[in-house]
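S.K.: Quick one: the structure is below, and I'll ask about it shortly.
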Ligand SMILES: Nc1ncnc2c1ncn2[C@@H]1O[C@H](COP(=O)(O)OP(=O)(O)O)[C@@H](O)[C@H]1O
Ligand SMILES: Cc1cn([C@H]2C[C@H](O)[C@@H](COP(=O)(O)O)O2)c(=O)[nH]c1=O
């Protein structure tokens, strides 16, 4: 049965790597795929992994209609068995609905990869629609770690190492950003809610005092 699967997690947990591995494994068994992405750090029209691999992909613009594109390709005689859709949190809810129709009407597998939540811990609209429509949601098993050693569960946006909560939802960037530039850091919930990045909490800068009760304990 064809499926819409959403592989999700934080930044730096291996989503793009898994996307490329899945494309490779399906192609190795003779299946034909199409790759899509949006706003990859490596530039337009590429799926790139921090492990060094990169492949060409169709850039998903707001105008792209997945169902129409695939209907046209299949009608023209092309063979397509599956889609790899990276950075899927940036797709519109309508595009996610088109992906579900590609599965149901055209019988293709759709493997989507993306963040669940943004730097304010809110769902991206595209991720919300994927959580609502996917046949399966797989949370990646490779855990990015918070500076404190706990599992990293939330993405913080940073400027000069300090967490920021203002700004556009979409700002392309990396977990290894140059000083002074917008970057990202994966934190546990406790440290995300307190705004404690490695710069502040992990390197001896003054952190929040313990709550009064805890100090007494
Ligand atoms: N030098 C390295 N050696 C081993 N693994 C690495 C190295 N650099 C990155 N990785 C792995 O790559 C993962 C990030 O992969 P990537 O697909 O780019 O993540 P995502 O797409 O989720 O942001 C890291 O969690 C880590 O497991
Ligand atoms: C949290 C968050 C992230 N982004 C951007 C930053 C990166 O360019 C991508 C995530 O890429 P990855 O392969 O998962 O590392 O998303 C954003 O625009 N807004 C955010 O809130």
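Heads up, the Cβ atoms here are built off N, Cα and C, so glycines get one too.
As annotated by TrEMBL, active site, proton acceptor applies to 87. Residues or ranges marked as substrate binding site by TrEMBL: 170, 171, 172, 173, 184.
Describe the structural surroundings of these features, if you would.
M.R.: In the three-state DSSP reading, residue 87 (active site, proton acceptor) counts as coil. Shown in sequence order, 37, 38, 39, 40, 60, 113, 114 are the residues of the chain, 6+ apart in sequence, with a C-beta less than 8 angstroms from the C-beta of residue 87 (active site, proton acceptor).
Under DSSP, residue 184 (substrate binding site) is assigned to a strand (E or B) in the three-state scheme.
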S.K.: Starting from the Cβ of residue 171 (substrate binding site), draw a 10 Å sphere and report how many other Cβ atoms land inside it.
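M.R.: Result for residue 171 (substrate binding site): 14 other Cβ atoms within 10 Å.
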